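Novice: Pasting the relevant annotations from TrEMBL:
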type: TRANSMEM; residues: 15-37; note: transmembrane segment
type: ACT_SITE; residues: GLU173; note: active site, proton acceptor
type: BINDING; residues: GLY207, ALA208, SER209, THR210, GLN211; note: ATP binding site
type: TRANSMEM; residues: 464-486; note: transmembrane segment
Amino acid sequence: MVGARQEIKLKKYRYLIALVIILMVVGVLVLVTIPVVQNRSLPKKLKYGIVLDAGSSHTALYIYSWPAEKVNDTGIVTEVDSCKVKGPGISSYWNDIEQAGKSLKVCLDKAKERVPEKQQYVTPVYLGATAGMRLLRSQNQALAEQLMKSVQEFIKTYPFNFQGAQIITGQEEGVFGWITVNYLMENIGKDNAGGNPETEGALDLGGASTQITFVPGEKIESEESALKMRLYGKSYNIYTHSYLCYGKDQALKLLLEKLDITDNGTILNPCFNKGYIRTINVTELFNSPCTSAQHNIIQQMVRIIGTGNFDQCDRYIRSIFNFSVCTWSSCSFNGVYQPKVHGKFGAFSAYYFVMDFFNLTSEKPYDLSTAQQRVKAFCLKPWAEVKNSFSTNEKYLSENCFAGQYILSLLQNYNFTSSNWKTIMFLRKIKGTNAGWTLGYMMNLTNMIPAEQPYTKPLTNASYLTVMVIFSIFVFFLLLIGFLIFKKKIFKAQDKF
Ligand SMILES: O=c1[nH]cnc2c1ncn2[C@@H]1O[C@H](COP(=O)(O)OP(=O)(O)O)[C@@H](O)[C@H]1O
Ligand SMILES: [Ca+2]
């Protein structure tokens, strides 16, 4: 009788223990799931930043965004919107200074709509002007300053956190373009084991200047073009050079200057399609510091007539580069030091627009001879045919033969030949964000690129909690089993007595 009662008691205990265990497991699970779910369901707080790229040909506004709590993580800043300002670049407003600022209205209004009202006061806005303003400043510093003030004052009328309007240097333009490309490609910042991961070079072709930036495979001889940077705990020795006057619009002026002009004010241009005619004001050609060479043109207007002569065009384009001097072990042109191009390259801005016109921008790169054939075939077409076959804006269309040949020539001067041509990828955007100097510029000014690798927890919060739960349950069961065995032994021992 006593034994049976004891068994019922023991059973009751077991049920009780089982119930306690279940309750504890449920308790642990609830304790763990609630914070995980809680954290996940919180809406991510986004931060915004705005950069205006005041280029020589036009101004563009870019709005970037990133999750507030992940500032130092790589690859998380993305472009959420952009806006192209109507009309020319700010340097063209030299005769109507106030209008330079006002021209930005439509895009700044758009930014005001895009950035949540509560965030606007903390959203930094930067304006960086490039080669168009560099050229204007070299001609008339006071005028350049007035223009910068005009845009500055106008941006200040917006509720954003205005951080300044600057004419950036060619070196900054090159290096920030390189940072943008490598940040978006996630070549920098990722903790690749075994030294530095390979970075990609950046090729930027603007209207007034062009930049080449890369990490060479050799020592950089010229200090002027060398830049040591420490990013995310790794050191990079970067070569960068910006060629003022070698953007595609100024280069066209350099070319026109080389061509003969007839007594009746006609210039025959082999780099325009046959039959194309453009009439320009002489001052338009010679008002640039790139073409300040003396000229004796008496006419006000000149007529440029296309002859579509590929080989002649090629020769004339070569003539705008000087190969006669080089005081370094290797030069590109005009005596500018350049180490051998190394690794892969991303080519953007006008490189992309022009090569895209020739359908030469696919993921699988084309070889140099294909590129040459395509450009040549286009240059040999008469203008009447070209005009009928494409709906592209007439100015760009008429300059594509020149631009195509110019790009082929420029890249070959950098020493891209048939053997390494395919290392160049022509691209406009990387993962939805425009390739250009603006993103790198903003990240640098907002201290978003740490010099050292930021401390990262080995596990994410969720995986940390999961591991903890699994181990808690595991340990708990071990204890329980131990306890049950121990109990059983005691009861057995009691039964014996
Ligand atoms: O759609 C296009 N097709 C061809 N060229 C373009 C297009 N959009 C812009 N471009 C060219 O890209 C270049 C952009 O230069 P940008 O204005 O940035 O000058 P910068 O960088 O020298 O200051 C200009 O030569 C402009 O004509
Ligand atoms: Ca540019």
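Residue numbering: from 1, along the chain as shown.
Keep in mind that glycine also has a Cβ here, set from the backbone N, Cα and C atoms.
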Novice: In terms of Cα spacing, which of the binding-site residues GLY207, ALA208, GLN211 are within 10 angstroms of GLU173 (active site, proton acceptor)?
Specialist: GLN211
Novice: Can you see whether DSSP assigns GLN211 (ATP binding site) to helix, strand or coil?
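Specialist: Assignment for GLN211 (ATP binding site) reads strand.
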Novice: Less than 6 Å between Cβ and the nearest atom of ligand 1 is the rule; apply it to the recorded positions GLU173, GLY207, SER209.
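Specialist: Cβ under 6 Å from ligand 1: GLY207, SER209.
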Novice: Counting only residues 6+ apart in the same chain, whose Cβ is under 8 Å from the Cβ of GLN211 (ATP binding site)?
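Specialist: Expected: GLY170, GLU173, GLY174, GLY177, ALA202, LEU203, ASP204, THR240, HIS241, SER242, TYR243.
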Novice: Can you give me the same-chain residues 6 or more apart in sequence from SER209 (ATP binding site) with a CB-CB distance under 8 Å?
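Specialist: Once residues fewer than 6 apart are set aside, SER209 (ATP binding site) is near SER56, THR130, ALA131, ARG134, GLY170, GLU173, SER242, TYR243, LEU244, CYS245, TYR246, GLY247, GLN250.
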Novice: Just jot down the residues in the same chain as ALA208 (ATP binding site), at least 6 apart in sequence, with C-beta under 8 A of its C-beta; none if empty.
Specialist: GLY55, SER56, SER57, THR130, ALA131, GLY132, ARG134, LEU135, LEU244, CYS245, GLY247, ASP249, GLN250, CYS290
Novice: Fewest other Cβ atoms within 10 Å: which of the recorded positions GLU173, GLY207, THR210 wins that one? Let me know.
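Specialist: Checked GLU173, GLY207, THR210; of these recorded positions, fewest Cβ neighbours within 10 Å: GLY207.
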Novice: So around the ATP site, GLY207, ALA208, SER209, THR210, GLN211 aside, which residues have their CB within 8 A of the centroid of those CB atoms?
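Specialist: After dropping the recorded site residues, what remains is SER56, THR130, ALA131, GLY170, GLU173, ASP204, LEU205, GLY206, SER242, TYR243, LEU244, TYR246, GLY247, LYS248, GLN250.
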